[in-house]
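Positions annotated as disulfide bond by Swiss-Prot, on the basis of sequence analysis: 30-73, 59-85, 89-130, 116-143. Residues or ranges marked as domain 'Sushi 1' by Swiss-Prot: 29-87. For 88-145, the entry in Swiss-Prot reads domain 'Sushi 2', with the evidence type sequence analysis. Marked as signal peptide by Swiss-Prot on the basis of experimental evidence: 1-28.
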């Protein structure tokens with residue numbers, strides 16, 4: 001007997017003649033719907049509470065469905081191919097960093113290239129991948145300010161603006177420099193007064 005006839009079919013015996021009745025795909029025997037990792041399926045209910053030969057897939061929280069969400073039992077097979085539930089990774093938060101693909105969430109196996117803004121250097125991997133557990137691998141890198149060698153002893157002028165990474169730090173440096181000048185001036189005045197007193201006391 002052919003493999004497709006080795007199933008139990010509904011039949012009708014009429015006047016001594018056996019008739020095989022047409023059966024729906026579900027009765028003819030689709031196996032259980034495919035199991036999807038990190039997801040689940042529900043069977044569609046039709047009119048009068050009858051179960052239809054269709055199932056709908058949904059993913060667990062933190063996962064997104066890739067593929068068709070609805071499968072039908074046709075010719076004893078589920079069609080189309082079962083979907084996948086892939087993990088979602090949050091957007092990497094990298095101060096002074098830029099991402100090759102800028103979006104709120106990333107799908108499992110998606111790669112992102114990290115670049116740092118002007119004056120900042122990358123500490124860590126340049127390429128990171130969204131993994132199946134919803135985390136990034138390797139570890140998310142950092143962007144740190146690169147301190148030029150010729151900036152070590154800079155205290156004032158145009159060079160100061162070139163060496164400091166942003167306007168806020170330039171303002172702070174200038175305020176500190178101004179304070180240091182005022183302190184030196186005060187020290188000179190005190191020293192001058194001391195010398196004057198010493199001169200008159202002789």
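If you go along the chain as it appears here, the first residue is 1 and each next one adds 1.
Glycine is no exception: its Cβ is also placed from the backbone N, Cα and C atoms.
Given the structure is predicted, the values throughout are model-derived calculations rather than measurements.
Features per Swiss-Prot, on structure.
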residue : record         : contacts (Cβ under 8 Å, 6+ apart)
30      : disulfide bond : 53, 73, 76, 77, 78
59      : disulfide bond : 36, 38, 39, 65, 85
89      : disulfide bond : 105, 106, 107, 108, 110, 130, 131, 134, 135, 136
116     : disulfide bond : 96, 97, 98, 122, 143
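DSSP assigns residue 130 (disulfide bond) to a strand in the three-state reduction. Classification of residue 143 (disulfide bond) by DSSP places it within a strand.
Neighbour density for residue 143 (disulfide bond): within 10 A of its CB lie 20 other CB atoms from the protein chains shown.
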